[in-house]
Amino acid sequence: MTKPLEGIKIIDFTHVQAGPAATQMLAWFGADVIKVERPGSGDVTRSQLRHIKDADALYFTMLNSNKKSLTLDTKTQKGKKVLERLIRESDVLVENFAPGALDRMGFTWEHIHELNPGMIVASVKGFSDGHHFEDLKVYENVAQAAGGAASTTGFWDGPPTVSGAALGDSNTGMHLVIGILTALHARDKNGGKGQKVSVSMQDAVINLVRVKLRDQQRLDATGILEEYPQYPHGQFTDVVPRGGNAGGGGQPGWVLKCKGWETDPNAYIYFTIQGHAWPKVAEAIGKPEWIDDPAYNTALARQDKIFDIFSYIEEWLSDKTKFEAVDILRKFDIPCAPVLSMKEIANDPSLRKSGTIVEVNHPVIGKYLTVGSPIKFSDLDIDITASPLLGQHTNDVLKDLGYSQEEISELHDEKAV
Ligand code: COA
């Protein structure tokens, strides 16, 4: 089967997580992704958090599957010539270096555009061009702080909190994928003209905290946010408070203890009380008298006793495991889920079957698990192959670029590759 992105050649000048997550996804969909890495060391994640001595770390293997690896010192004259040839033959260059690094290397947008007018140059930076923080280097949690996620996550009596989900890194990479595919589409419509595409990590996080900006404006207008735990007993200031585990969209919810919570840190479910589902909630938890009781039968009436209601539900849950509880609640159409640990996710048969959790065989580290494509297609099977060893495809890529065996040996001797 022809893969949708077959024939698209991508220079993957990315490192760490945000950039590699984007190019990995494009590789899954069939693009020829050539990861350009510094000779000798490569992407820093190859050696970060290793669990097997001298082998590529999972941090690297889980973000660089289905790619080729070309080692190239792009600060040497010979290395620059190789990169120039590669640029002439490629469709997209993706990079997430610190601001200005590509320019300092001599590969400005103007130079790249001159070498290949059809080239799309896609970048991830911490902050957008012209932003007053544009010169800052940025990692995941820095982006969560600057993007409004940290200030709105956690509990009101604790500090701003970051999420374990890579809202700054992989999320930005996914935004970049959308940008790259859009630019490829635009190129087809624009007589082959390439363009620059950039996503800042701050912006990508802000895109996910849209509902909190909604709440800021409601708070400015009314001084309260009636679905937050602070209402009606607590105090609001003039900024959106941290809401703990409250639901964000007007469906009150909370993380509730289930049987075994005393010893199992994940023996919890997320329970929602949607307005229209109240009769079913009341029925499911054995409180049918709450269905028509005016003290309970509207969201507003329940709000001042929402934590008493959750406490009652926790009592109901105390003799049920999280899985038993969900099995009961699903019969009542109540949106809920067990809080799953990473161990449970790793072993979940449905996730294995759908290809979301995939076992990959690596020539050095053996079998490992990775996260496969969250996007499923009816006409595309996505095979996840092992990440490349450092420089595994250097000679093949150089041959494809027209270098002779003698020239390739010279490049090796001069440590340009
Ligand atoms: N050959 C020669 N030099 C290379 C090279 C290669 N193949 N690949 C990289 N380099 C050089 C760069 O040109 C740069 O040199 P310079 O500083 O002299 O200009 C140098 O390596 C280091 O690159 P840099 O990006 O500054 O790495 P860093 O480890 O200092 O910073 C980040 C890492 C992630 C903080 C930074 O790259 C960054 O802020 N990126 C943008 C936001 C981002 O993507 N964050 C990470 C999300 S996971």
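Just so it is clear, glycine is given a Cβ too, placed from its N, Cα and C backbone atoms.
According to TrEMBL, the feature active site, nucleophile maps to D169. A sphere of 10 angstroms centred on the C-beta of D169 (active site, nucleophile) encloses 26 other C-beta atoms. D169 (active site, nucleophile) falls within neither a helix nor a strand when secondary structure is assigned with DSSP, and so counts as coil.
Taken from TrEMBL, the feature CoA binding site applies to 15-18, R38, 72-75, 96-98, R104, 137-140. In this structure, Y139 (CoA binding site) belongs to neither helix nor strand by DSSP; it is coil. Non-local neighbourhood of Y139 (CoA binding site): V16, G168, D169, each in the same chain, at least six residues away, with C-beta under 8 Å from its C-beta.
Counting only same-chain residues six or more apart in sequence, the Cβ atoms lying under 8 angstroms from the Cβ of Q251 (substrate binding site) belong to T272, I273, Q274, G275, P335. Summarising the annotation, TrEMBL assigns substrate binding site to G249, G250, Q251.
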Quick one: what's DSSP say for H15 (CoA binding site), helix, strand or coil? coil
Quick check on the binding-site residues H15, R104: which one has the highest count of other Cβ atoms within 10 Å of its Cβ? H15
Across all the protein chains here, work out how many other Cβ atoms are within 10 Å of the Cβ of N96 (CoA binding site). 28
